[in-house]
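Asks: So Swiss-Prot lists these for the protein:
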type	residues	note
TRANSIT	1-31	transit peptide
BINDING	156, 218, 241	NAD(+) binding site
BINDING	267, 289, 292, 358, 391, 445, 450	substrate binding site
BINDING	289, 292, 391, 450	Zn(2+) binding site
ACT_SITE	357	active site, proton acceptor
ACT_SITE	358	active site, proton acceptor
């Protein structure tokens with residue numbers, strides 16, 4: 001699968017302009033979403049097209065490092081100070097013991113939605129539990145791999161421009177199934193200094209043990225170093241802004257001895273659509289990602305010449321107009337793009353190069369293309385599978401690799417909360433069968449102590465056999 005790179009022109013492809021809302025007082029203006037034909041791009045141009053906007057972390061690190069150092073030295077006091085500075089909230093208590101908190105009252109429809117989501121997410125992640133397998137590689141040589149839960153984990157649930165209780169479920173449920181003993185959930189407090197009731201409901205349902213009422217880099221630092229009230233964790237999960245991401249990056253390479261789930265960037269979607277896809281659905285799927293924030297990445301891959309682009313344009317303008325977060329969506333679309341593919345092979349080839357966080361395939365007989373997909377965080381197949389179902393309640397996890405990292409990282413799963421150990425056990429016969437080969441390899445590498453650890457035992461086995469004769 002490859003593009004026809006014989007033509008290099010970028011200028012002959014049509015430009016698809018979407019009517020989207022901007023932050024100006026003029027209301028709605030025409031906002032262009034750049035478009036390209038894949039068959040007219042060179043390899044280097046395709047490489048440039050799939051590259052995400054560069055994030056300059058140098059200045060962000062300059063801001064975040066002092067926060068991390070302050071939390072390390074001052075603990076809860078620093079967390080309170082930064083929460084007052086950034087969130088305008090004075091905290092009396094930084095961490096709550098979830099067992100001491102009552103389950104909050106929720107509207108019955110909201111509670112039912114969370115309960116259905118919980119059941120589906122639990123079922124999908126519970127099914128990921130693997131049985132222990134033992135292999136006898138040669139007579140008397142048995143090897144196996146066993147799993148153990150990570151003892152303490154930190155879960156970051158953003159507050160920011162939107163409350164995300166769904167993220168509490170996505171992170172806490174696999175931790176609950178894995179059997180993590182200490183589960184700290186960090187989330188910014190409300191203006192009253194309390195915990196968002198929807199987040200608290202999900203946290204209690206999914207077995208969270210502590211809630212850290214803080215967000216940003218200070219929350220990540222508190223979980224990494226530990227404070228008087230916040231347990232130190234061994235691995236930190238969850239999405240966040242650039243400051244949260246920077247804190248995770250810094251701390252995983254520090255004396256804190258903490259690991260993280262994956263690198264993170266702005267949220268993104270790539271939609272592959274042909275003439276059978278509804279313009280209404282295409283527009284809705286693009287906007288559902290664009291509304292996350294102005295830095296969201298939105299890509300539309302049009303297959304063939306039968307797609308009604310004008311209808312998509314009209315639907316985007318219509319739907320964006322009624323969105324409370326329409327300004328975010330507008331800004332995201334302004335730096336996103338459309339590509340035109342001659343067929344599905346070309347479309348999927350580009351998608352695999354782009355490696356999107358979310359991939360929607362809305363074409364005729366969409367299921368038959370699943371086998372060609374190599375790089376994507378999560379895939380949504382067919383006209384009745386909007387990205388929203390995976391974001392909330394289908395059962396798959398919505399904490400996924402972004403920024404092209406789907407080429408080498410997986411989304412959060414049950415395995416993310418486990419560590420694996422290998423175990424081997426040899427009988428006398430096993431060492432007699434395997435030992436000479438090990439001794440030879442150790443000798444080649446010049447590691448005499450390794451060799452001796454085997455040969456001393458082999459001599460004892462030989463002596464024992466001689467005595468019994």
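Just so you know, glycine gets a Cβ as well, placed from its N, Cα and C.
Give me the structural setting of these features: burial, nearby parts and distances.
Replies: A simple way to gauge crowding: the CB of residue 156 (NAD(+) binding site) has 27 other CB atoms within 10 angstroms, across all the protein chains here.
In the three-state DSSP classification, residue 292 (substrate binding site) falls within coil. Non-local contacts of residue 292 (substrate binding site) by the CB criterion (under 8 A, 6+ apart in sequence, same chain) comprise 266, 267, 328, 332.
Around residue 289 (substrate binding site), taking its Cβ as the centre, 29 other Cβ atoms fall within 10 Å, counting all chains.
Sequence-distant neighbours of residue 357 (active site, proton acceptor) (same chain, 6+ residues apart, CB-CB distance under 8 A): 267, 268, 269, 376, 377, 378, 400, 401, 402, 406. Under the DSSP three-state reduction, residue 357 (active site, proton acceptor) is assigned to coil, being neither helix nor strand.
A simple way to gauge crowding: the CB of residue 358 (substrate binding site) has 25 other CB atoms within 10 angstroms, across all the protein chains here.
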Asks: If one measures from the C-alpha of residue 391 (substrate binding site) to the C-alpha of residue 156 (NAD(+) binding site), what distance in angstrom results, rounded to a whole number?
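Replies: If we compare the Cα positions of residue 391 (substrate binding site) and residue 156 (NAD(+) binding site), the gap is 16 Å.
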Asks: Out of 358, 445, 450, the binding-site residues in the record, which is closest to residue 156 (NAD(+) binding site) when you go by Cα distance?
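Replies: Closest by Cα: 358.
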Asks: At the level of the C-alpha atoms, what whole-angstrom distance separates residue 358 (substrate binding site) and residue 241 (NAD(+) binding site)?
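Replies: Their Cα atoms are separated by 18 Å.
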Asks: If I take the alpha carbons of residue 218 (NAD(+) binding site) and residue 445 (substrate binding site), what is the distance between them in whole Å?
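Replies: Cα-Cα distance, residue 218 (NAD(+) binding site) to residue 445 (substrate binding site): 48 Å.
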Asks: Write out, in the order they occur in the sequence, the residues of the chain not among 156, 218, 241 that have a C-beta within 8 Å of the mean position of the C-beta atoms of the recorded NAD(+) site.
Replies: 158, 186, 214, 215, 216, 217, 219, 220, 240, 243, 244, 247
Asks: Among the binding-site residues 218, 241, 267, point out the residue whose Cβ has the most other Cβ atoms within 10 Å, with all shown protein chains included in the count.
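Replies: Checking each of 218, 241, 267, the winner is 218.
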